[in-house]
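Enquirer: Dropping a structure here in structure tokens format, bear with me for questions.
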Amino acid sequence: MTRYIFVTGGVVSSLGKGIASASLAAILEARGLKVTILKLDPYINVDPGTMSPFQHGEVFVTEDGAETDLDLGHYERFIRTTMTKRNNFTTGRVYETVLRKERRGDYLGGTVQVIPHITDEIKRRIVEGAGDADVALVEIGGTVGDIESLPFLEATRQLKVEVGSRRALFMHLTLVPYIATAGEVKTKPTQHSVKEMRSIGLQPDILVCRSEHSIDQSSRRKIALFTNVEERAVIALEDAKSIYSIPMMLHAQGLDEIIVERFGLECGPADLSEWQSVVDNEANPEHEVTIAMVGKYMELLDAYKSLIEALKHAGIRNKTKVNIRYIDSEQVYQQGVDLLKGVDAILVPGGFGERGVEGKIQTVRYARENKIPYLGICLGLQVAVIEYARHVAGMEDAHSTEFNPKSAHPVVGLITEWQDASGKTEQRDEASDLGGTMRLGAQECKLVDGSTVRECYGKAIIEERHRHRYEVNGNLVPRLEEAGLQVAGWSQDGSLVEVVEVKDHPWFVACQFHPEFKSTPRDGHPLFEGFVRAALENAGGK
């Protein structure tokens, strides 16, 4: 039977519920338990797929093609369980399901209400998402007290009553601020946050107190007294230099032992040696490189969360400190490529829309002509193809139909038909809805022998995740190949270009998929590791 840990947040948002949940899950997994994590988002969007990165940050794509919250990326980086569409749902998704049932007449003419209909659907999805896991952590987005979160909190209250206190508990994250003028931490916001929880029928069993300073024993005792929480269950979580050290920090305070005792679980001690190795390698690099990341969402780096972490993982695996220089592609267009001078490698990530595209094309040209290692991802492949077509293959007005529908050389165009991973044909056109209409999720890719990417992966067939609506125009591929561009990877049916390389270049790889979604701190990712090695070689040759 699955046990449930409901994770809530108080005082302020962005406390790190996702990291705390993932870290706790990592400890429980290290004790031999089967663990999964769900994220419940209170916003009314059906999914984050059409939301601006400035609003929401990164959209994390699962193996089965769901566009989900970036917290699912944290979950996959911390535990071995692969997330699916069942691990993330929103208020919008819940209401959509309930309204569809109402239209079908499933409620037999009854009045459809938040309680019980919405809360029942939330509970159904939680139980379904938990599956056969020993422990399911359920993170509820937002802050306790928000109107949007109330149906989710009510549903979890009901679920705890239904399964019993031996199978469910509440873990509440709060902020314990440090007041510099007084020279002490203040517990009052935490007391009020718990008071807010109790007003809606929820009593936290564990408090995780976030603070930039250490929380002394007397403050923890005071918090325990005023919140009706056992003193040893008041966990202090200071700001950490590395998020990958948090499993050790929580384990040192016995958080996993509290949970195992409460649930009556039989399992071994936690083996956190892999995490200790990750932290040690991150803290003691032997080399250093600087990589330029040229994109359009540089004001909010959460838009590139998985990518930043993937570079960090590759650095850990190569015992290399990776410094990332974040450069807005519009600035490259306005100020020139001098902004790129002094870097050891260049990465152009994915993105949507025309803004900043010409700056990315200039960036690609700079990397190609100056023999600087280049990795292009998604749009980073498309701009690489456009640049090569314009400046090497003689197609001066080459462009993507996304940005210039009238181009005489549309080297990138809308995919109207493709096969999904199961071999089923999917079709789209310009009139298709924006939400959920892309080529999404894990797809097989066949790598060409002798290519750089084939050497990185060490195998001929790989599986990577996609999120795109445009693709290299197959009709113009022969002209590009004649001009020296190498197609190094094809889709499973051989119809779509997945990877391109430039032959007379030390390391120039551009892929249509998103390898960052499969990178983890313990296992890294072969493509990013190869990229960082190329950056190291370039740095050593200067």
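Count begins at 1; order follows the chain as displayed.
Quick reminder: no glycine exception, Cβ is built from N, Cα and C everywhere.
These figures come from a predicted structure and were not determined experimentally.
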Enquirer: Write down the one residue from Gly342, Gly351, Gly353, Gly441 that Swiss-Prot lists together with Leu379, Gly380, Leu381, Gln382, Glu402, Arg469 as binding L-glutamine.
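Expert: Site partner of Leu379, Gly380, Leu381, Gln382, Glu402, Arg469 for L-glutamine, according to Swiss-Prot: Gly351.
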Enquirer: Given the recorded positions Lys17, Gly18, Ile147, Pro189, Cys378, His514, which lie close to Glu139 (Mg(2+) binding site), meaning Cα to Cα within 10 A?
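Expert: Among Lys17, Gly18, Ile147, Pro189, Cys378, His514, the ones whose Cα sits within 10 Å of that of Glu139 (Mg(2+) binding site) are Lys17, Gly18.
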Enquirer: Counting Cβ neighbours within 10 Å across all chains shown, tell me which of the binding-site residues Ile19, Ile147 comes out on top.
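Expert: Answer returned by the neighbour count: Ile19.
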Enquirer: Within 10 Å of its Cβ, which one of these recorded positions (Lys17, Lys186, Lys188, Lys222, His514) has the largest number of other Cβ atoms?
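Expert: When each Cβ's neighbours within 10 Å are tallied, Lys17 tops the list.
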Enquirer: On average, what pLDDT score does this prediction assign to the region 'Amidoligase domain' (1-265)?
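Expert: Per the prediction, mean pLDDT sits at 95 for the region 'Amidoligase domain' (1-265).
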Enquirer: What subset of the recorded positions Ser14, Gly16, Gly18, Ile19, Glu516 lies within 10 angstroms of Thr187 (UTP binding site), using C-alpha positions?
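Expert: For Thr187 (UTP binding site), the recorded positions whose Cα atoms are within 10 Å come to none.
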Enquirer: Could you give the maximum C-alpha to C-alpha distance in Å for the residues Ser14, Leu15, Gly16, Lys17, Gly18, Ile19, Asp71 that bind ATP per the record?
Expert: 12
